[in-house]
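Shown next, in structure tokens, is the structure this report addresses.
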């Protein structure tokens, strides 16, 4: 800790000499280890596992996986293009059971740009039209008086605008105006400030500004970028994170594009880098989406670089990690208390599981023991709860994961690994 404190002091001195958000070079071996965590995903080519965010993160990083990248992009194209186009023609296409969401389609378009491809032709126009329809539906949900909310979130709304922008597709002033109003009147968030949502909105605005789109709104766009950047800087924790460890990479992506200058910005970014490196040493960043947002930052890249990506930049070839088999030991059993207190009939039970089990394993064991039921749904960030004890999360509701009594978990059910004696509460909350 003494060395870390000295390092932080040194970075503070360096930050005072740095007026912009710069991330110093990171040990390539650390980046390789991080990239190796994505290798299993490159072999998962079924529809439920395909994740365009993984491809984007690798392409904007300093590492590569060779021919696996080409095969992965090919699989993405087959799934997203053909499925979307067929589902547009037939609502009963058995091969396309779930039409990709606005967020998935937006990330797919980012993946194409990460390979230096522009969406073109009749099929491409259909995909762009699909995304614009998504945005129009969200605009209607927000309403003329701006008192409504998107069906999905302002995060996905901003991501959709960013995806259109990097493909040089103009976005109507009315669509951009909804996001501008949300920033100007602090309506991006329902209950508390979301660094991820603010960062995504800022990246979308930065792309519009650099592409010289929406000239009539240029002043508002410039002011909105400054607003979200200032709020993100204010959200930095004493440890150095912007919001939390997993929202920090996207925040850094925005701050790295910042036209702002000053010692405060430079120091904040350097402090965030130290916090991220410490979290990596503690085993954070196992989730594929979170890794894919961090890898570009470590290569001094952001999603805005997809305006004009450098597809010829040299990247280090990743090799599968070599591991030594540990000595076989009897597995340790731990007890995790699972509780649901926000229902009329509360549930509370100690669940025995093997050490190292995920929260999802705890839920499965609780269900197997009886008296506990739940349902989940897959997403790009991993599975999330939709129903607990027969109670479904309604509109503007979600099942929150907490370390009892009131500490929200920063990871999902597939990534969080409870410790022995820990109490986990599932709480139905509104937003």
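Cβ coordinates are placed from backbone N, Cα and C, and glycine is handled just like the others.
The cyanocob(III)alamin binding site annotation in TrEMBL covers 152-156, 196, 244, 293, 384-385, 399-401, 409, 431. What TrEMBL records for 21-269, 165-207 is disulfide bond. The signal peptide annotation in TrEMBL covers 1-18.
Neighbour counts of Cβ atoms within 10 Å were taken for the recorded positions 21, 165, 207, 269, 401; the minimum is at 401.
Its Cβ taken as reference, residue 154 (cyanocob(III)alamin binding site) is surrounded by 24 other Cβ atoms within 10 Å in the chains shown. There are 16 other Cβ atoms within 10 Å of the Cβ belonging to residue 244 (cyanocob(III)alamin binding site). When the Cα atoms are compared, residue 154 (cyanocob(III)alamin binding site) and residue 165 (disulfide bond) turn out to be 16 Å apart. Each of the binding-site residues 384, 399, 431 was scored by how many other Cβ atoms lie within 10 Å of its Cβ, and the smallest score goes to 431. Checked against residue 207 (disulfide bond) by C-alpha proximity, the binding-site residues 156, 244, 384, 399, 401 yield 156 as the nearest.
Here the CA atom of residue 244 (cyanocob(III)alamin binding site) lies 18 Å from the CA atom of residue 21 (disulfide bond).
Look at the binding-site residues 152, 156 and count other Cβ atoms within 10 Å of each Cβ; 152 has the fewest. The Cα of residue 165 (disulfide bond) lies closest to that of 152, out of the binding-site residues 152, 244, 384, 401, 431.
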